[in-house]
Amino acid sequence: MTKILGIESSCDDTAVSIITENREILSNIIISQNTEHAVFGGVVPEIAARSHLSNLDKALKSVLKESDTKLTEISAIAATSGPGLIGGVIVGSMFARSLSSALKKPFIAINHLEGHALTARLTDNIPYPYLLLLASGGHCQFVAILGLRKYKILGSTIDDAVGEAFDKVAKMLNLGFPGGSEIETRAKFGNSHKYKFPKPIINSGNCNMSFSGLKTAVRTLIMSLKEINDTVVNDIAASFQFTIGEILSSKLQDAIRAYEQMINNCDKKNIVIAGGVAANKYLQEILSSGAKTYGYQLIYPPIHLCTDNAAMIAYAGLERYNNKLFTPLNFCPKARWNLEEI
């Protein structure tokens, strides 16, 4: 049986996973660094890289034990090799290449974004093509997923990623880290129409997005308030999340139009939302409603596979393994790596 070992270390989670040729996740271990970074209110790259260095061996041993797998039974090793915080990417990639060399098994370099892009094929076995909204702390883009290694970016943020905006606003409100889940929790108790925030370039007519102005507007409001109690925090969180929903819903319409100009007579009309922001239940509901208006089904992975994980890396590796797309061991990890350049 084919078994792919996946390794993910592009940001602050050390993750290792093993999946089979039948898309079965035998084990999916994630060692979080949230506690280490919380005191700084964000991820510190050097701390993240050092933690990956000490965590990877532990994670690998846990995965092998949990899956009852021997290293010699691994068919190939897939590892995130960009984009991301380059220190962590190098640590994970070197670890994977060392295993590949020692075991004499193929090494497969995976683009982290491709891992997110293909997650729905792991969980729901959806066919190509489909429209993807990749929304995370580092990226926000609409992508036409036409086939393996056939990706066309329809639009992306011109400044901040949507996940970054969530984290920064959470920090302004003195909420915990990571901020996305904190904003979502507080928004449930707030009035989403209490504050009106700008929706930058919402009428641009293309699929590009902007969140920097929205973030600045929230900061300006907070600085102008004499008192910030729980009610105010909840209202700001709800109004901010509502505005994000409005922006993404509007841009989804633009993306659908651009996608349909590219794809003719597609039987399966699927839209996938992936990345950490895809775990937000409010945004899932808003975007699902918008997708249905155009006859599309919105698909999102289970919450534990929305955020960074190694199962998605292993699956992307499986697709490449099945097509004999292996990577030389002298591959150079990349801090930046466009999906269209794979």
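Yeah, the Cβs are placed from backbone N, Cα and C, and that goes for glycine too.
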Co-listed substrate-binding residue [Swiss-Prot; alongside LEU134, ALA135, SER136, GLY137, GLY138, ASP167, ASN280] among GLY115, GLY180, GLY190, GLY295: GLY180
Other CB atoms, at most 10 A from the CB of LEU134 (substrate binding site): 26
Pairwise CA distance, ASN280 (substrate binding site) versus ASP308 (Fe cation binding site), rounded so that it is a whole Å: 15
For ASP308 (Fe cation binding site), nearby residues of its own chain (Cβ under 8 Å, 6 or more apart in sequence): GLU8, SER10, CYS11, ASP13, ALA15, ILE30, HIS112, GLY276
Under 8 Å by Cβ from SER136 (substrate binding site), same chain, sequence gap 6 or more: HIS116, ALA161, VAL162, GLY163, GLY275, GLY276, VAL277
Secondary structure of HIS112 (Fe cation binding site) (DSSP, helix/strand/coil): helix
